[in-house]
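As recorded in Swiss-Prot, the features of this protein are as follows:
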- GLU90: active site, proton acceptor (ACT_SITE)
- 97-330: domain 'Radical SAM core' (DOMAIN)
- CYS104-CYS335: disulfide bond (DISULFID)
- CYS111, CYS115, CYS118: [4Fe-4S] cluster binding site (BINDING)
- GLY157, GLU158, SER188, SER211, LEU212, HIS213, ASN292: S-adenosyl-L-methionine binding site (BINDING)
- CYS335: active site, S-methylcysteine intermediate (ACT_SITE)
Amino acid sequence: MKQTKTKYGKMKQMVSNLKLPDYRYEQLTKAIFHQRIDNFDDIHILPKALRMSLVNEFGKNVSSVIPVFSQDSKQARKLLFELTDGERIEAVGLKYKQGWESFCISSQCGCGFGCRFCATGSAGFKRNLTADEITDQLLYFYFNNHRLNSISFMGMGEAFANPELFDAVKILTDQNLFGLSQRRITISTIGIIPGIQRLTKKFPQVNLAFSLHSPFESQRSDLMPINKRFPLNEVMKTLDEHIIHTGRRVFIAYIMLEGINDSKEHAEAVVGLLKNRGSWEHLYHIDLIPYNSTDKTTFKFQSSSAIKQFCSTLKKAGISATVRTQFGSEISAACGQLCYENEL
């Protein structure tokens, strides 16, 4: 049953059901991932009976997501995809000067966790994406001649709240499919402890990013209600265990909100949170993120000088920290801005 859950498992089963040799499945996946063929009818190396069965089961195209709107800036491209049931999600492609291409994909339609500073949460939660819908976002970019150099689960939704996440990562790292290294994938979380623990066991080399945004339990609970279920102190213990087990760095995202979490007291509390945790504490890295304004929230953008001062306080205390370079904010494609705006 598990084998046939995703489209690739179903394709393999289809080859078997038609009593075709196993190499036909290999030909199919090579046509998709080596030759970038998106139309089943165009995979002429396959027998007509198999091509017809594929079209009947999946439709004409390999990728099931349909782009209905796109918006471009100098280094970012935001796409609004429509799914087969009419729901919509957004994904973002980023291109760096060196030619490196990175893609930010969604794991849910909307989000139900209600982080106060995030536009996605204002849309509410509609449903989880399937593993195929998650990976098909990348297939679209791939079929349009983009290089999938790195992937981040930082689009719409909380990745660890979707049980299909790990099937999607399995597809992405399958050497016969996308063939991505685990280290090219980053999963961002607001602190879902069971999800972090499962990642540690199943995909220890996948990068992990944790959304902190306040070092104080009470304020974090106000900004991010999930903190009431998974308190910061417990999340940090889980992150310690992740680092000890994997030897991998954990990235801690901290959105700078003017007058909310940007004080010297906050910076010193972040230092206190990360210092004296153990011999592994150097593997925590703070990623300071300038707030991206939206019409869904009332928070204000923090000045660059204040952010630099906050960063300086962290560095002087021996904390690894950088200020994130933002791309795509002018087209509402940056952190916290994805919210179906273009479907209205």
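Residue positions begin at 1 at the first shown residue.
The backbone N, Cα and C atoms fix where each Cβ goes, glycine too.
Structure with Swiss-Prot features highlighted.
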residue : record                               : contacts (Cβ under 8 Å, 6+ apart)
CYS104  : disulfide bond                       : ALA91, VAL92, GLY93, LEU94, SER152, MET154, GLY155
CYS111  : [4Fe-4S] cluster binding site        : CYS118, THR120, GLY121, ALA123, GLY124, PHE125, MET156, GLY157, GLU158
CYS115  : [4Fe-4S] cluster binding site        : GLY121, ILE190, SER211, HIS213, LEU223, MET224, PRO225, ILE226
SER188  : S-adenosyl-L-methionine binding site : SER152, PHE153, MET154, ALA159, ALA209, PHE210, SER211, ALA253
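On its own chain, LEU212 (S-adenosyl-L-methionine binding site) has ARG220, LEU232, ILE252, ALA253, TYR254, VAL270, ILE286 as residues at least 6 apart in sequence with a Cβ closer than 8 Å to its own Cβ. Each residue contributes its Cα atom, and for ASN292 (S-adenosyl-L-methionine binding site) and GLU90 (active site, proton acceptor) those atoms are 17 Å apart. Here the binding-site residues are SER211, ASN292, and the one with the most other Cβ atoms within 10 Å of its Cβ is SER211.
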